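What Swiss-Prot annotates here:
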BINDING   19-26, 82-86, 137-140  GTP binding site
BINDING   26  Mg(2+) binding site
DOMAIN    10-205  domain 'tr-type G'
REGION    19-26  region 'G1'
REGION    61-65  region 'G2'
REGION    82-85  region 'G3'
REGION    137-140  region 'G4'
């Protein structure tokens with residue numbers, strides 16, 4: 001069966017659902033998908049089970065990897081990632097967040113903000129997301145007086161993490177909307193959410209004119225066709241026949257892109273902001289991995305030692321309770337990869353939670369990096385600091 005061509009008729013934007021485990025992120029994603037399929041006959045409805053589609057996830061009822069769906073509103077085409085809320089899987093949320101232009105924060109009205117609500121807000125802020133919309137879910141289960149308190153609490157939290165004070169709140173029941181797609185009263189919250197997304201989220205400025213770069217999120221082999229690397233194009237454009245380099249973790253190697261697809265449709269060219277699959281000539285699945293980048297020839301190089309400015313989270317923000325010293329070895333998250341690195345402090349004996357400091361880091365393997373790239377620092381399953389590269393040393 002021939003694949004259809006992706007028609008670029010509306011501006012494209014990447015959004016995602018974030019928030020605490022069990023607050024209803026996947027249910028909301030499914031409700032949006034079902035609602036859009038009713039409004040737009042060409043759209044395909046994805047049920048909850050289709051989004052949570054790995055066996056382990058079905059068993060535990062939690063989302064582990066970020067899942068992508070697509071839908072259209074009157075004005076835009078959205079790619080939507082459903083981000084995991086479960087603590088062990090925050091690492092996957094980081095790669096999901098790295099692909100988002102804006103986010104929908106889910107908060108259950110019957111329980112209010114919880115620890116992961118805060119961690120996700122912090123990660124969203126670190127990953128450069130500028131605007132969020134709050135979806136106050138499970139309204140049918142909550143005491144109306146409690147809902148008002150939760151609203152105030154959530155807006156305070158949103159402001160605390162640097163998001164605008166006029167962040168909109170949409171209230172409803174994602175489960176109600178998913179279960180009763182033909183009831184206008186039940187789906188009113190989804191309609192309102194989509195309208196708010198169209199009006200409130202600014203279309204991102206895409207770096208189309210810069211040299212091509214995509215951070216690999218996943219690698220598949222397709223029998224008879226070769227190896228496909230998927231991820232979001234961070235900058236530039238990519239066309240079939242273009243020569244590229246695979247950089248980081250291993251030796252840099254050249255290859256040619258023989259196909260570009262998005263949501264199983266063929267693209268004439270992939271542009272900054274698109275979530276694409278690239279078919280690569282002569283590359284074996286075992287030769288490339290998540291965390292490498294595919295880039296225009298000679299535009300990015302792998303490094304392992306750099307100077308960075310970091311902010312250490314306080315205990316209240318979910319960070320460390322104690323200071324750290326030179327020789328500290330946490331995980332550094334860049335784009336879609338995490339690498340262990342050793343911290344050296346210059347002219348400072350220790351770093352306390354809440355400090356802003358400059359450090360030197362030496363990673364155990366080289367990864368593709370540029371000046372000004374942001375990263376998260378994690379240890380023992382939690383984010384302890386966030387930072388930005390000031391200078392590449394070697």
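Note that the numbers count up from 1, one per residue, in the order the chain is shown.
Including glycine, each Cβ sits where the backbone N, Cα and C put it.
Where Swiss-Prot records a feature, it is marked here on the structure.
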| residue | record | DSSP class |
| --- | --- | --- |
| 19 | GTP binding site | strand |
| 25 | GTP binding site | helix |
| 139 | GTP binding site | helix |
Completion exercise
Whole-Å Cα distance, residue 139 (GTP binding site) to the residue listed as 'Mg(2+) binding site', is 16
Handout entry: Per-region confidence, the region 'G2' (61-65) (mean pLDDT, whole number)
Key = 38
Handout entry: Integer Cα-Cα distance in angstrom, the residue listed as 'Mg(2+) binding site' to residue 19 (GTP binding site)
Key = 10
Handout entry: Largest tally of Cβ atoms lying within 10 Å of a Cβ, found at which of the binding-site residues 22, 25, 139
Key = 25
